[in-house]
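Residues or ranges marked as (6S)-5,6,7,8-tetrahydrofolate binding site by Swiss-Prot on the basis of sequence analysis: LEU120, GLY124, HIS125, LEU126, SER354, PRO355, PHE356. Residues or ranges marked as site 'Plays an important role in substrate specificity' by Swiss-Prot: HIS228. The N6-(pyridoxal phosphate)lysine feature in Swiss-Prot is assigned to LYS229; the stated evidence is sequence analysis.
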Amino acid sequence: MLNASPLQTLDPQVFSAISEELARQQSHIELIASENFTYPAVMEAQGSVLTNKYAEGYPAKRWYGGCEFVDKVEVLAIERAKKLFGAEHANVQPHSGAQANTAVYAAVLQPGDKVLGMNLSHGGHLTHGNPANFSGKLYQFCQYGVREDNGLIDYDELAATADREKPKMITVGASAYSRIIDFARMGEIARGVGAYLFADIAHIAGLVAAGAHPSPVPHADFVSTTTHKTLRGPRGGLVLCKAAHAKALDSAVFPGTQGGPLMHIIAAKAVCFGECLKPEFKAYSEQIVKNSKALAAAFLSRGYKIVSGGTDNHLFLVDLRTKYPELTAKKAQETLDLANITCNKNTVPFETRSPFQASGIRLGTPAVTTRGFREAHMADIADCIDSVLAAIGTEREAVVVAATKKRVTTLTSRFPLPYQL
């Protein structure tokens with residue numbers, strides 16, 4: 001027999017932990033650039049009976065029977081994704097962004113092939129060739145980065161590296177780069193050396209979909225993204241590609257790197273894409289950028305250094321060394337968390353510290369924008385952060401942290417989250 005008791009009764013320990021996390025999310029200012037608050041309808045789809053169904057294969061080409069209704073859901077997700085991004089082909093089955101990237105590599109590369117990707121410490125991602133990651137172990141990566149004087153991608157140097165190394169693929173995309181990426185130029189560079197162009201837009205996908213950032217789709221052979229972050233969907237992955245690569249990509253996802261798809265998550269992706277196609281999503285994405293620019297300006301006015309000097313998207317990287325040379329990002333992150341401000345330590349380009357200590361904090365505005373924060377609130381947030389950082393290591397630290405926490409909870413109480421247990 002199946003125990004149909006509610007979670008609170010069936011497993012009070014798990015229920016308690018979830019309740020505590022809900023309270024944390026409600027009372028904290030969330031500035032981690034990769035986090036957001038999803039739609040209740042997305043959560044409803046994730047918790048649906050579709051979690052019970054195995055559906056290896058693709059719509060109308062399954063290895064199991066009884067897939068006629070999950071087929072409807074996957075077709076909806078595919079068609080909405082294609083429409084949202086103007087893509088020729090979409091695969092909605094990847095379980096995550098890393099799984100999506102794994103499939104792209106597997107579709108057209110062989111182990112040992114050369115790939116040109118962005119250095120992690122300059123704003124790239126683990127799956128773009130970091131030696132600790134599968135990508136760096138399976139493929140021969142050479143890397144490009146940003147200029148030390150201005151924090152911007154040097155496209156001329158990148159082109160020279162591509163011409164010298166002759167990679168089979170060039171990967172473009174970042175997890176901590178705050179400026180517009182010139183996908184058209186990247187396409188020219190890739191075509192010039194006969195390489196595939198693979199754009200990982202996990203961080204900026206929502207901005208791209210809404211027209212708040214140029215799209216890589218016309219220029220890239222493959223485009224991957226997560227479906228959370230700026231898209232506000234479930235945690236999952238998505239790959240877009242040219243029709244010519246569709247068969248290779250689909251085979252690389254299943255059976256190449258995955259088995260059964262998560263149909264409840266695919267349903268949630270369909271809901272997310274449907275919401276992103278509405279006019280309100282464009283306004284939301286534009287507000288993310290407005291808030292990010294306002295928050296960056298508030299930090300600059302307080303004497304902080306921002307890598308690249310500002311932002312064009314949803315995030316930016318504060319280099320703490322200019323104002324607080326002895327303060328590590330690890331200490332800053334931990335102390336801000338005590339004041340109910342959540343962010344993450346991050347290496348900065350040409351970092352001199354260990355990544356476990358780091359010199360930068362990465363700040364993003366998707367989550368606070370979802371809650372309803374606007375430009376005027378960004379000065380308040382910057383003031384809270386500045387107060388805490390200035391007090392670290394002084395006799396005032398505990399008092400300032402407590403006062404800031406009270407100020408933050410007062411602010412967040414004005415913007416309640418739409419969730420109930």
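We number each residue from 1, going along the chain as drawn.
Yeah, the Cβs are placed from backbone N, Cα and C, and that goes for glycine too.
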>> Between HIS125, LEU126, HIS228, which of the recorded positions has its C-beta surrounded by the fewest other C-beta atoms within 10 Å?
In response: LEU126
> Counting every protein chain present, what is the number of Cβ atoms, excluding its own, within 10 Å of the Cβ of SER354 ((6S)-5,6,7,8-tetrahydrofolate binding site)?
Replying inline: 10
> Taking GLY124, PRO355 as the binding-site residues to compare, which has the smallest set of other Cβ atoms within 10 Å?
Replying inline: PRO355
> Rounded to an integer, what is the Cα-Cα distance in Å between PHE356 ((6S)-5,6,7,8-tetrahydrofolate binding site) and HIS228 (site 'Plays an important role in substrate specificity')?
Replying inline: 25
> Over all shown protein chains, what is the count of other CB atoms within 10 A of the CB belonging to LYS229 (N6-(pyridoxal phosphate)lysine)?
Replying inline: 27
> Do you know offhand how many angstrom separate GLY124 ((6S)-5,6,7,8-tetrahydrofolate binding site) and the residue listed as 'N6-(pyridoxal phosphate)lysine' by C-alpha?
Replying inline: 16
>> Through the lens of DSSP with three states only, how would you label SER354 ((6S)-5,6,7,8-tetrahydrofolate binding site)?
In response: coil
> Does anything in the same chain, at least 6 positions from LEU120 ((6S)-5,6,7,8-tetrahydrofolate binding site), have a Cβ under 8 Å from its Cβ, and if so what?
Replying inline: LEU126, HIS128, ASN130, THR347
> Using Cα coordinates, what distance in whole Å links HIS125 ((6S)-5,6,7,8-tetrahydrofolate binding site) and HIS228 (site 'Plays an important role in substrate specificity')?
Replying inline: 16
> Counting across all protein chains shown, how many other Cβ atoms sit within 10 Å of the Cβ of PHE356 ((6S)-5,6,7,8-tetrahydrofolate binding site)?
Replying inline: 10
> Any idea what DSSP makes of LEU126 ((6S)-5,6,7,8-tetrahydrofolate binding site), helix, strand or coil?
Replying inline: helix
> Which whole-number value in Å describes the distance between the Cα atoms of SER354 ((6S)-5,6,7,8-tetrahydrofolate binding site) and LYS229 (N6-(pyridoxal phosphate)lysine)?
Replying inline: 27
> What is the maximum Cα to Cα distance, in Å and rounded to a whole number, among the residues LEU120, GLY124, HIS125, LEU126, SER354, PRO355, PHE356 annotated as binding (6S)-5,6,7,8-tetrahydrofolate?
Replying inline: 17
> Roughly how many angstrom lie between the C-alpha atoms of the residue listed as 'N6-(pyridoxal phosphate)lysine' and PRO355 ((6S)-5,6,7,8-tetrahydrofolate binding site)?
Replying inline: 23
